[in-house]
Each structure stands twice: as C-alpha cells, then as structure tokens.
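A short write-up of the structure that comes next.
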Amino acid sequence: MLRAGSVVTCIACKGLLPSRMGVKFRVPLQKLHPLSRAIHHRYSANNNPQRPPHCSAARHYTSLSRLPMRPPKSRSGGHGYQQHRTFWVARLAARLLKLRYILLGSAVGGGYTAKKTYDEWKEMLPDMSEYTWIVPDFVWELSENIDLDKLASALPELEEIAKLLPDMEKIGENFTFLKSLLSSETTGESALRAPDVPPASAAMADSGDKQFKKSSDKEKVDQLQEELLRTQLKYQRMLERLEKENKELRKVVLQKDDKGIHQRKVKKSLIDMYSEVLDILSDYDSNYNTQDHLPRVVVVGDQSAGKTSVLEMIAQARIFPRGSGEMMTRSPVKVTLSEGPHHVAMFKDSSREFDLGKEEDLAALRHEIELRMRKSVKEGQTVSPETISLSVKGPGIQRMVLVDLPGVISTVTTGMAADTKETIFSISKAYMQNPNAIILCIQDGSVDAERSIVTDLVSQMDPQGKRTIFVLTKVDLAEKNLASPSRIQQIVEGKLFPMKALGYFAVVTGKGSPNESIDSIKDYEEDFFQNSRLLKDGMLKAHQVTTKNLSLAVSDCFWKMVRESVEQQADAFKASRFNLETEWKNNYPRLRELDRNELYEKAKNEILDEVISLSQVTPKHWESILQKKLWERVSTHVIENIYLPAAQTMNSGTFNTTVDIKLKQWTDKQLPHKALEVAWETLQEEFARFMAEYKGKDQDDIFDKLKEAVKDESIKRHKWNERAMDSLRVIQHNALEDRSITDKPQWDAAIQFMEETLQSRLKDTESVIADMVGPDWKQRWMSWKNRTPEQHTRNETKNELERLLKLHEDHTAYLANDEVTTVRKNLEARGVEVDPVLIKDTWHQLFRRHFLQKALLHCNLCRRGFYYYQRHFVDSELECNDVVLFWRIQRMLGITANTLRQQLTNTEVRRLEKNVKEVLEDFGEDNEKKVQLITGRRVQLAEDLKKVREIQEKLEAFIEALHKEK
C-alpha cells in the first residue's frame, strides 16, 4: 500500500523547485527507486506489484530536494493520504544560513582590495605641495574667517541620511514572508494540482517582485534627487551669504584704508620705520614729481654683472628670479634688511610671510616677484619705474635699505621696446642723483674693463666718489682668465676705471649655478680667498674681500648718511607743510581740508539722496507726464495711419473694421515698445531734473563731473524688466478692445480730446499751406514780402483746387487722372505751367485741411450724441464712431500711464537706485577713476597737505627713535 504522505511530500518538492534545476528524461519505471515508484504512481485499491513498464518523467534531485532512501512509516489509521512531517525546510534554512560566511568573506576581501586600489591611486597623484604659491594669500587666511560650526549645522542631519538607506526591517519581513511561503504545506486535491500551476504562478510572482523592486528603486531615486536638490539649494544660499559677507568686509577694509583707521599700534624697529617713510615718499614722488633726499643704497651695474647675486649674499637668501643672460630685473626692487629671530620675507602690501629656510617658499617668493615685475610693466614696454617693496628679516643681517635697479644695457635686442635703454638710464639717474644715496657700483671682473658702461654713468652722477662703493664680482673667473693679476689690483685700487669711490671690494658670488645655496657660496668664497694668490701676494687686503665685509661697510656708510641728512629732510618737509597750509588758509578759508577719498564719500551721500528723491514723486505727476509724452510719441501714427484712412470710408461698419485691424497690428508690434521707451526716457529726465535741482542748493561744483559720470553709467547699466512688455501688451490690447462709454463725462472728455487733437493737426496743416503759397496780400503790403515763382504757381493751383472742392464737398482723398488733367489745362489757359506732381501735392494738403474742418464740425455735432449712442439709435448724421475711437485711445493712454507708473515706482526706481550704488562702489575702488572725476587745485592741495603731514610725522617719530638708540 502506497503512503499518501510520501506522495504529498514529492508533489510539494516539485512545486517548490523550478523546472530548470533538473533535466527531464524518460526511463523505465522498474529502474527507479521503490520510493520513486511509490511517489509517481497513484494509489489504487489492489496492491498488485505487477504493472506494465511505462515511461515516466524523472528529475535529478539536488541537495535541496534530497529524499530519504528508506520508505517512510505509515501512521495508524485508515486508507487514503496521510500527512507526513518532513525536514526539507530545516535543510533549506541551513543552506541559506551558510550565506553569511560567503558575505563575510566577500566583505573582508573587498575591503582589502578597495584599500589597496585607493593606495595605488593615491601614489599616482602628483605632489601638489610645490604649487601652493598659486593659491592667493587670502585663501590661507580663510580658515580663520570660516565658522566650521555654521558649516556643520548646514550639513544634512544623520536622521535625514538614514531615511535614504534601505529599510532593513522591511527586508527582514519580506524574507520571513518568503520563508513562511516555502514552509507552508498543502493538503487535499489542491496539493495534487500544484505541479500543474507553478509555471504561471511563479511567473506572476516573479513579475510582481520585479515590479515592486522597480517601484521601490524609483522611489529611492526620487528621494535621492529631492535630497540632492535640497542640499544644493542649501549650499547655494550659504554661498550667496558668504559672498555678501565678503563684499561687506571688503567695503569695511576700504573704508578703513580711506579714513585712516589704524589697527593696534605695534612697536616697529628703526629700520622698519625708516622703510615706511621711504615707501610713502616713493608714492609721493611718483604722484607729485618731487624727489626726496633720504639715504638708500642704490645697486647699479651692467646686465649680468652680478648685482642680484651680491644683494642675495647680503640678504643671505636666493630671493630673486634668475635667468641666463636675459633681463630678469624689470623694475626697481626696494629691499629692507633687518635683524630678526627668523629668516622671513614679506611684501609691503601683503601679510603673508615667506619662510626663507624652505625651498618651496623661496620658489614661491621668486615667482611672486617675477609676477609683480611683469604686472608693473605697461603694454609695449620692457621695464617699469614702479618700485616693488620687500622686507627681509633674519639673524645676522645688517640693517639697511637697498634698491636693486635693472641692469644697464648697451644694445636693444629683439623683443625689447625701442626706448628700453633710455628708460633704464633715466631710472638709474633718478635714483643716483639723490645727493644722499649710496651708489653700490657692481662690475663684472670676468670681462674687460673697457666694456663697462655703468662706470661712466656713476662717474657722471658722483664725480668725486664721496658716496660710491665699487664692487668687483666673479674674481675667481678673473684670476683664472686674466694673464696679469696686477690688473685686478689696479681695479681695486681705483687706478683702472675713470671713477672714484669710498671703498673697493672684491667678492665671489658662487660658481654660476642657480641651484647653489647661500652657505655653499659662502664656503666657496672663503676657500677661494684663503687659497688665492691675490691675497697671499698682497694685491688684495683682507678687509676688501668677501660679501660679509662688504655688507658691514655698506651698513656703516648707510647709517652714517642717515644720521647726517634725516633732520635736514624733516626741516624741508616742515617748511613745505607750512607753505601748503598758508595757501589753503588764503584760498579756502571756510572749507575743511578734505582729500579725494573724503570728497568722494561726501559726493556719494549726495548722489544717493538725489536718487531717493525719485521715490517722492507723486503718482499724479508720473501719470500726467507719462500720458503726455506717450501721446506725443504715438499721435502721428494714430492720426495718419489709423484715423485718416478709416475715416475715408463712408460706412460705419467698414470704419470700425479698419480701426480694429489697425489697432490690433499696432498693439502687437509697436505700441508696447514705444510705451517702454517713453517710460525709460521719463525716468532719465526726472533723475536728471532732481540732480539739477539739488545742484542749486549750495552744492559744491567740484562734484559735477563725478555726478554726471555716475548718472550716465547707471543709466547705461539699467535694463527694463523683460516681462513688463508682455504684460503691458495684454493690458493695452484689452483697453483698446473696449468700446462701451458708460457715462456722459467720459463722452465729453473724449470729444474734448478729439477736438484738441484735430485743431492741433489743422493748425499744422494751415502752416504748411501758408509756406507753400507764400505771404498773402496783407503780409506783402505790411511786411514788404513777395512770393517766389514756385509759391505763385502753388497759389494758382490752390485756388483752382479750392473751386473743385466747393463743387464736390464729398470728394475722395485722391484726385482722378482726368481731374488732374482738367486742373492743369485750366491753369495753362491762365498762363501757368504746372506739373501733375505739384497738383497732387497741393491737393493732399488742401484735402487734409478740408477733412479736418469737416471732422471738427462733426465732433461739435456729436456733443449731443451720447444719448443716441447709449440707446443705439441709427442716425446717419450722428454716427460718432470717431469719438469712440478717440475715447479708446484716451483710455488706453490712461491705463498705460498707470501701468508704467506702477512699474516705475514699484520696481524700476529701486533698481535704478541699486545700479547707482553699484556704480558708486565700483568708482570708489578705482583710484584712477576718482583722480579723473574729482579734480582741481583744491583737491590737489588737500592731497599734498595730507601726504606732507604724514611724512613729517613719521620722520619725526623716526628721528626720536634714532636719538634714543644713540
């Protein structure tokens, strides 16, 4: 007897396992396992084992569907199918639980591979530390101004990010539900039919799962996109806020610079105080064409003579850009040397310190100097007279101020400006002609003395040699190349060159390699002079060699010159200050001494007050001037292209149709543009009117150029709102579509508007006719005027055409050809030769006058026609369609003026005020613009007084500190 539980179990297994897990094949039944035969054959009452062999579908069972080889025991009970507990679910769970080991191993291996890949990529990236000099100075200080707490608060919360992650609880519930489906057991007939259903049900389940997965993925993508947009908007707002704060901080810094607000006072060294005075004097000299006589060390020499190398040895750092044979020093470089605990360099206008002990900082400093030099050179020039100020501090550095000048050249090569040689000579002379300047003359010892150019220049500027120090460079090459060592002795004794000097020095500034360090150059220099025959044979004295002795001698000479001349310079500036103050008191006794920046701030406030006055214009004034200007702009088009052509028709319906078509075309194409042009011109005129009215109230005329420039630039930048034209077109179209005049006052206003317009046109037409026919008999007798032959011909033509109009008062606007011929023949009969073109031209003006006179009579009749219009009576004499047309035009003008007034007061005036503020800010940051717009002797005198006072105060402070040091 077959067991029902086994049959049910097999059917359940076949339903759970897809068909692809086994390959169907046909085998004889007797070759199957006895249990398989029991499963694959239906139960029958007779237990006959003898059955004919037949083919049956069999499967290769996997480990998930393994069945016991021993036949299961039957339960106690009757016949039929019996439930049988199986352990296939437990086996399935055991197989699934093995996945955790696979996942854990994959995670560990994947993490290791990812880390290894990241390290490989990181090694392939270039070292960006060498390019830190590209980043501007303010970026390094940005971290001090950024509030990290605010940035952290602006980032998404952890809970919001967690919402975007997959819901693990839902995944667990789905897995439990799937497990329950797999573990459920079916009974009865439905269980037996299960093998026939699985393909369709499985397909439906798979499609449902895929659809659910697609929908969930789509929801996740939408959530991620929304979160990305929210984050983007949040950072955009942060960026806008930071830009606004940066702009405000920049404005505060500019105001501090302009108003002279100083930071906390820091005690400065003596040399720093002196260098600051020289910087102020340098600006004062370049702006006012004056020369100070304060001492400084001027380094001059031929190109590639070693000037820069000598200066670097004194500064103990390779701070200047180098080039093999080409010009590298393109502008004067003022170097303030002082002693300090750390070897650093800093520009005058920057707070960044360059650590001269680090090679990357040295490279950045050299690059910055080269950039500043190239920036100072104007287009089409090779060198610049602008000075670059640099301070160098370090242990063992002698205190002094040196100025490195461009090397003197003998020939202008390709790529240089034609006046390069003369410019270098003029710059060198400007520094050397200072009677207190110390000239450090650098001469290349490896070239012939006869090729020297700078020695002649120095001998011209200091013929007695009282402030010149001669330096012979590249002595090692000179000793090696020169056959006669006595020639070097003649140079350092001052016998070879036609110049005199306070002292003569011989130095070695390295082997010529740009990569040599200062220490290696010093060692090489000391070794050379210790082993040199020049020193051993007595040709050179010990105090005349090495850059160390040179720097000590130059420093002593510098400070000696400073002590002797600084008080004299202070007295000179004191006298200059007295002269300037006296001139101010005599010429401007009741005015405060305001420099250019202070005057600009005053003018800025006045201009902003004038702009604010625009908001005080009354709406009635805006609308009246807008309506008046708009009608002046469009009246010709309305009369000539709309009213006159439509009025020639004799039918009321044709008149209205023509008017509607022409009004629609006019509204779609021209009218909105004309209206915006009128509004823009009105805004400009009102702005100019307020500035002119404000000018009369004790305004300083020194601001006229500035105010005019601000007004022009603001108007140039102002653009009308683009959406205004579309809305205005709709409003105008709706206003012109309305034909219903509701009350008598509107009717009377339209008639008055029409009469004024027609009378104005009639007056213009009569003036044209009077010019055509010349003076009448009264003017000829009273004013002694005569008609020209053409005027006489036109007068005869006019008289003939007037007769025609009297006969045909309802004549059309154009003459027929036979009528032209008749008029011409009548005139010829009276001896007047006339051209047909002249006849038509005269007819046009006469008919125009005739038509306008008739229209005025009709307009007068329509004064009593409102009742007929309101009741829609049909009366040919009182068809006042032209009155309705003028009412539509008048109403459109009023509505347009009201709309434009709202746009002006609500939007455009504020936008114009914003433009004015931006223009004022831009002009305030442009010093050249301020110098160009605020000019005059009064401004110049105030600027001179401010500078001279500042120089005198700093000189007195320096002299006081100098006396204390003594």
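Glycine is treated like the rest: Cβ placed from N, Cα and C.
Copied over from Swiss-Prot, here are the features:
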{"type": "BINDING", "residues": "S304, G306, K307, T308, S309, G323, K474, D476, T509", "note": "GTP binding site"}
{"type": "COILED", "residues": "213-259", "note": "coiled coil"}
{"type": "COILED", "residues": "901-966", "note": "coiled coil"}
{"type": "INTRAMEM", "residues": "777-787", "note": "intramembrane segment"}
{"type": "REGION", "residues": "189-217", "note": "region 'Disordered'"}
{"type": "REGION", "residues": "301-308", "note": "region 'G1 motif'"}
{"type": "REGION", "residues": "327-330", "note": "region 'G2 motif'"}
{"type": "REGION", "residues": "404-407", "note": "region 'G3 motif'"}
{"type": "REGION", "residues": "473-476", "note": "region 'G4 motif'"}
{"type": "REGION", "residues": "507-510", "note": "region 'G5 motif'"}
{"type": "REGION", "residues": "595-842", "note": "region 'Stalk region'"}
{"type": "REGION", "residues": "742-862", "note": "region 'Paddle region'"}
{"type": "REGION", "residues": "880-934", "note": "region 'Stalk region'"}
{"type": "TRANSIT", "residues": "1-86", "note": "transit peptide"}
{"type": "TRANSMEM", "residues": "96-112", "note": "transmembrane segment"}
For the region 'G3 motif' (404-407), what are the same-chain contacts with Cβ under 8 Å, counting residues 6+ beyond its ends? 298-305, 307-308, 311, 320, 327, 329-333, 335, 383, 424, 427-428, 431
Given the region 'G5 motif' (507-510), its same-chain partners at Cβ distance under 8 Å and 6+ residues beyond its ends are 306, 309-310, 312-313, 471-476, 516, 520-521, 524-525, 528-529, 545-547, 550
Might you list, by sequence position, any residue in that chain lying six or more from S309 (GTP binding site) with a Cβ less than 8 Å away from its Cβ? T473, T509, G510
Under a three-state reading of DSSP, tell me whether S309 (GTP binding site) is helix, strand or coil. helix
Starting from each candidate's C-beta and looking 10 angstroms out, tell me which of the binding-site residues K307, K474 has the most other C-beta atoms. K307
Kindly report the helix/strand/coil residue split of the region 'G4 motif' (473-476) according to DSSP, in that order. 2 helix, 1 strand, 1 coil
Is the region 'G4 motif' (473-476) packed against any residues at least 6 beyond its ends, judged by a Cβ distance under 8 Å, and which are they? 305-306, 309-310, 442-446, 488, 506-509, 511, 528, 532, 534, 545
T509 (GTP binding site), Cβ-centred 10 Å count of other Cβ atoms over all protein chains shown, is 25
What is the pLDDT of the region 'G4 motif' (473-476) when averaged and given as a whole number? 86
DSSP assigns the residues of the region 'Stalk region' (880-934) as 52 helix, 0 strand, 3 coil
So for S304 (GTP binding site), how many other CB atoms are inside 10 Å of its CB? 19
When DSSP states are folded down to helix, strand and coil, where does T509 (GTP binding site) land? coil
Secondary structure of the region 'Paddle region' (742-862) by DSSP, residue by residue, totals 96 helix, 0 strand, 25 coil
